[in-house]
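Heads up: the structure comes next, in structure tokens.
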Amino acid sequence: MSQTTENTLATPVGITLERYIMRKQSEFAFATGELSQLLRDIALAGKIVNRDVNRAGLSRITGAMGEKNVQGEHQQKLDVEANIRFVRALTNGGEACAVLSEEDEEIIQTGNVNGKYVVAIDPLDGSSNIDVNVSIGTIFSIYRRVSRIGGPARKEDFLQGGRAQIAAGYVLYGSSTMLVYTTGHGVAGFTYENSLGEFFLSHPDIRIPRQGPVFSCNEGNWFDYPEFVRAFLTTCKERRLTARYVGSLVADYHRNLFTGGIYLYPPTAAQPGGKLRLLYECYPLAYLIEQAGGVAVTGADLVLDVPPTADLHQRAPLFVGSADLVEELRCKATN
Ligand code: AHG
Ligand code: MN
Ligand code: MN
């Protein structure tokens, strides 16, 4: 049988995430099996959360918990559920000695004292969109620990700075579910095949266009925005750029990654230091955008060069996306 006949009769399903990780393992500086296991754990939790998100309207898992998280924000049931799923998967996988989650004030020690990695995570991003059936996501960031192997993880493991990340990515629960990640050698995207229960490589080398037609921000905050942000947005409108804002960072970021554009979460009166969290929102998405040829700044500074303070849940302004657009904004921030 010729290859063409064979492919017509049975269209190839492509490369699974698992096989892709194995193929790429020579690019990874550390023990490859360990990273594979971590990514596998994240993918597994992503599949489970995907299932729960899809059923959310049916399984009475939408709605508020009636409690606030460490950020003082109202937790949704899915925030809590996703947190449990990811922490459990990383605990059972054995490679992560600790997890820092948006939903928990303190570091979670997994008990894997010999694990060499720590994972910072926003288990459910875009929680205000859960109840209205709009795309949401998960963001993750991985470091090699600096604390002693065999003992508990320490805060310092999470406070190494953005450039110390060894892998980062996100899961988007959208019209299809995708896992997009980097280990510092470009960005690859995988689409979830529901019936097979696997992520397949769908976007082998994602590059963000240098320019783009989209600006994404919550314009309701316009009167709080610093002058340089308003000046930049005014030029976007003069050039008739398109406004697109889902209100789930992962979804807005993912769209702009493909179309080109800029996402902005500037400081506001309510959040003078910015709203988004440095360790599990800004750093991972900044690392990934640089790997895709884009730029991420907090204003004048590159996000990855901003040193963390001692606060694990610190916030930062975020401007991220196409290189030319972000540099244009950065110029305005500097002048
Ligand atoms: P989270 O749901 O993890 O708390 O994150 C919400 C974030 C982010 O996803 C989104 O871009 C932003 O908050 C939206 O904020 P506004 O509603 O203030 O625009
Ligand atoms: Mn978030
Ligand atoms: Mn969240």
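Sequential numbering from 1, following the chain as shown.
Glycine too: its Cβ is placed from the backbone N, Cα and C atoms.
Remember, TrEMBL labels are computer predictions, not curated facts.
As given in TrEMBL:
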BINDING   Glu102, Asp122, Leu124  Mg(2+) 1 binding site
BINDING   Asp122, Asp125, Glu281  Mg(2+) 2 binding site
BINDING   Asp125, Gly126, Ser127, Ser128, Asn218, Tyr245, Tyr263, Leu264, Tyr265, Lys275  substrate binding site
DOMAIN    15-204  domain 'Fructose-1-6-bisphosphatase class I N-terminal'
DOMAIN    208-329  domain 'Fructose-1-6-bisphosphatase class 1 C-terminal'
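Among the binding-site residues Glu102, Asp122, Leu124, Asp125, Glu281, the residues whose Cβ sits under 6 Å from any atom of ligand 3 are Glu102, Asp122, Leu124, Asp125. Straight-line distance linking the Cα atoms of Asp122 (Mg(2+) 1 binding site) and Asn218 (substrate binding site), rounded to a whole number, equals 20 Å. What surrounds the Mg(2+) 2 site, by Cβ distance within 8 Å of the Cβ centroid and not counting Asp122, Asp125, Glu281, is the set Glu102, Gly137, Thr138, Ile139, Leu249, Val250, Leu276, Arg277, Tyr280 from the same chain.
Checking the binding-site residues Asp125, Ser127, Tyr263, Tyr265, Glu281 for a CB within less than 6 Å of any atom of ligand 2 leaves Asp125, Glu281, listed in sequence order. When the domain 'Fructose-1-6-bisphosphatase class 1 C-terminal' (208-329) is classified with DSSP, helix, strand and coil residues number 53 helix, 22 strand, 47 coil. It is 18 Å from the Cα atom of Glu102 (Mg(2+) 1 binding site) to that of Tyr265 (substrate binding site). DSSP assigns Leu124 (Mg(2+) 1 binding site) to a strand. The binding-site residues considered are Tyr263, Tyr265; of these, Tyr265 has the fewest other C-beta atoms within 10 angstroms of its C-beta. Long-range Cβ neighbours of Glu281 (Mg(2+) 2 binding site) (same chain, at least 6 residues apart, Cβ-Cβ under 8 Å): Asp122, Asp125, Ile139, Leu249, Leu318.
Counting only same-chain residues six or more apart in sequence, the Cβ atoms lying under 8 angstroms from the Cβ of Ser127 (substrate binding site) belong to Gln75, Gln76, Leu78, Asp79, Ile136.
When the Cα atoms are compared, Asn218 (substrate binding site) and Leu124 (Mg(2+) 1 binding site) turn out to be 19 Å apart. Taking the C-alpha positions, the distance from Leu124 (Mg(2+) 1 binding site) to Tyr265 (substrate binding site) comes to 18 Å. Screening the binding-site residues Asp125, Tyr263, Glu281 for a C-beta under 6 A from any atom of ligand 1 leaves Asp125. Neighbours of the Mg(2+) 1 site: apart from Glu102, Asp122, Leu124, residues of the same chain with C-beta atoms within 8 angstroms of the site's C-beta centroid are Asp79, Ala82, Asn83, Ser101, Glu103, Ile121, Pro123, Asp125, Ser127, Thr138, Ile139, Tyr280. Taking every pair among Asp125, Gly126, Ser127, Ser128, Asn218, Tyr245, Tyr263, Leu264, Tyr265, Lys275, the residues listed as contacting substrate, the largest Cα to Cα separation comes to 18 Å.
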